Amino acid sequence: MDTNDDPDEDHLTSYDIQLSIQESIEASKTALCPERFVPLSAQNRKLVEAIKQGHIPELQEYVKYKYAMDEADEKGWFPLHEAVVQPIQQILEIVLDASYKTLWEFKTCDGETPLTLAVKAGLVENVRTLLEKGVWPNTKNDKGETPLLIAVKKGSYDMVSTLIKHNTSLDQPCVKRWSAMHEAAKQGRKDIVALLLKHGGNVHLRDGFGVTPLGVAAEYGHCDVLEHLIHKGGDVLALADDGASVLFEAAGGGNPDCISLLLEYGGSGNVPNRAGHLPIHRAAYEGHYLALKYLIPVTSKNAIRKSGLTPIHSAADGQNAQCLELLIENGFDVNTLLADHISQSYDDERKTALYFGVSNNDVHCTEVLLAAGADPNLDPLNCLLVAVRANNYEIVRLLLSHGANVNCYFMHVNDTRFPSVIQYALNDEVMLRLLLNNGYQVEMCFDCMHGDIFGNSFVWSEIQEEVLPGWTSCVIKDNPFCEFITVPWMKHLVGRVTRVLIDYMDYVPLCAKLKSALEVQREWPEIRQILENPCSLKHLCRLKIRRLMGLQKLCQPASVEKLPLPPAIQRYILFKEYDLYGQELKLT
């Protein structure tokens with residue numbers, strides 16, 4: 001039908017225009033609030049004082065001065081505004097009768113009308129008096145709230161009933177199209193919801209996000225309101241603008257009774273929102289354990305696969321270890337990877353649930369996932385690198401004990417000849433030794449082209465120096481440790497770090513570049529003394545045993561305990577004398 005031929009549509013359009021103009025005028029008045037009022041007269045001050053003190057005889061005398069009724073204070077309050085927020089009905093009637101009708105809709109500087117002030121004050125009789133005198137019941141305050149919405153927020157059934165009897169608009173939208181019905185559902189006031197519906201309230205109203213009162217009741221976990229709305233025609237299958245179902249909202253609220261009720265009336269756990277998330281994802285992320293128990297059996301594996309992420313990811317992201325345990329008990333795979341389109345939405349391109357736990361510094365979730373068999377080496381940016389950079393010793397210890405690759409590389413950040421993880425531990429001996437004790441390839445830190453294994457310096461060709469003055473080809477192809485550690489802003493660490501590294505080697509081939517940097521460090525005399533003397537046979541045997549065992553067994557305490565060796569020797573093989581973190585926790 002052509003909208004030009006629809007009289008109802010024309011009426012609504014005209015009404016909208018009228019309201020828009022009125023709101024613009026009131027907004028401009030409020031903006032100029034301080035300038036629109038003149039200094040108060042003595043009669044006005046006496047009149048206001050009589051209102052506040054409840055002195056009726058004096059008030060009856062002062063209201064004869066009409067000019068005093070038309071004066072407002074610095075807050076924009078006229079005597080009528082003062083009268084509506086005091087409890088004596090007779091005082092309000094006197095002031096109301098003495099005021100011009102044009103003042104009945106005047107707003108304070110805060111944008112409140114006499115009616116909205118009376119409603120906020122919870123004075124039902126004052127509200128009734130204003131309405132009976134003919135005050136318009138639908139004028140919003142400057143926050144966009146109608147008197148009805150304010151009454152619902154106050155939780156006053158009598159106030160709501162009074163407004164309805166005086167023809168207030170039940171479905172009038174407020175800010176973001178939020179209505180009185182939505183607010184009643186949010187507050188869990190079944191009696192007010194029933195009252196609104198009885199007088200023609202719309203159960204299918206949508207707020208600015210497309211959410212119905214049914215969705216609001218589900219989100220806030222009000223099962224009795226939810227059931228009442230369903231019985232009155234609420235659509236269980238309604239979707240919000242973002243595609244969220246009513247069941248999705250209930251999953252966010254976490255009330256298992258609401259979820260059970262929605263499932264009973266046809267709600268589906270397999271309807272994703274526009275982001276692809278299912279109700280089970282929402283419950284797992286929010287940590288709603290009981291809700292999750294309801295959703296696991298009603299959510300299909302195919303729907304989860306299509307979503308691109310598992311509830312395991314959601315629970316880890318939300319740091320909810322109890323939900324993780326429940327999901328693992330129900331057969332969810334801790335090593336399922338995020339879909340590529342989701343992974344690529346993160347700067348680090350994370351893929352595993354374990355990565356979420358590690359990046360959140362969540363020791364408990366990390367422990368739960370690793371105990372369930374999570375592989376710490378599946379992400380493009382290894383979880384160990386993230387934990388070391390965050391300086392989280394316990395997560396680093398957990399990852400290493402469950403097979404994290406201590407010799408991993410992250411080539412997107414820095415193309416180094418040596419394994420990347422040590423970069424983040426150079427200024428922390430506790431972390432550095434934690435990595436070295438667990439098999440870090442320390443020899444790679446001394447592998448470069450600046451000299452041979454006998455310490456003879458390597459002379460670069462003049463052609464290379466001409467092409468890249470001050471640089472060498474190995475810096476371009478893969479940056480050796482000696483180049484990395486001797487840059488001006490890290491040079492102060494070279495002595496301390498090298499002193500730690502040589503505890504884990506048999507022969508240390510110092511190149512000319514590294515040696516020249518060390519010679520000016522205070523650790524150099526000690527380092528030189530160590531290098532000039534042969535290693536102890538005990539230490540050489542330790543290194544040989546570690547190489548024969550392999551990294552995987554070394555990181556598993558149970559494997560070492562099976563060796564036919566006394567505990568003291570086992571501890572020596574594991575470099576326990578250098579386990580500073582374990583000593584702090586009394587683990588060694």
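FYI, residue positions are counted from 1 along the chain as it appears here.
Cβ coordinates are placed from backbone N, Cα and C, and glycine is handled just like the others.
Under the heading repeat 'ANK 1', Swiss-Prot lists 110-142. What Swiss-Prot records for 143-174 is repeat 'ANK 2'. Look at Swiss-Prot and you will find 176-208 tagged as repeat 'ANK 3'. Taken from Swiss-Prot, the feature repeat 'ANK 4' applies to 209-241. Summarising the annotation, Swiss-Prot assigns repeat 'ANK 5' to 242-274. What Swiss-Prot lists as repeat 'ANK 6' is 307-339. Positions annotated as repeat 'ANK 7' by Swiss-Prot: 349-380. Annotated repeat 'ANK 8' per Swiss-Prot: 381-413, in sequence order. For 416-444, the entry in Swiss-Prot reads repeat 'ANK 9'. Annotation source Swiss-Prot lists domain 'SOCS box' at 524-579, citing sequence analysis.
Tertiary neighbourhood of the repeat 'ANK 8' (381-413): same-chain residues 348-350, 352, 354-355, 358-359, 361, 363, 366-367, 370, 374-375, 419-421, 424-425, 428, 430-431, 434-435, 438-441, 444, 551-552, 555-557, 581, selected by CB-CB distance under 8 Å and a gap of 6+ residues from either end. Counting only same-chain residues 6+ beyond the ends of the repeat 'ANK 5' (242-274), those with a CB under 8 A from a CB of the stretch are 209-212, 214-223, 226-227, 230, 235-236, 280, 282-283, 286-288, 290-291, 293-295, 298-300, 303, 306-307. Here the repeat 'ANK 2' (143-174) has long-range neighbours at 111, 115-116, 119-120, 122, 124, 127-128, 131-132, 137, 180-181, 183-184, 187, 189, 191-192, 195-196, 199-202, 205, 207, meaning same-chain residues at least 6 beyond its ends whose C-beta is under 8 angstroms from one of its own.
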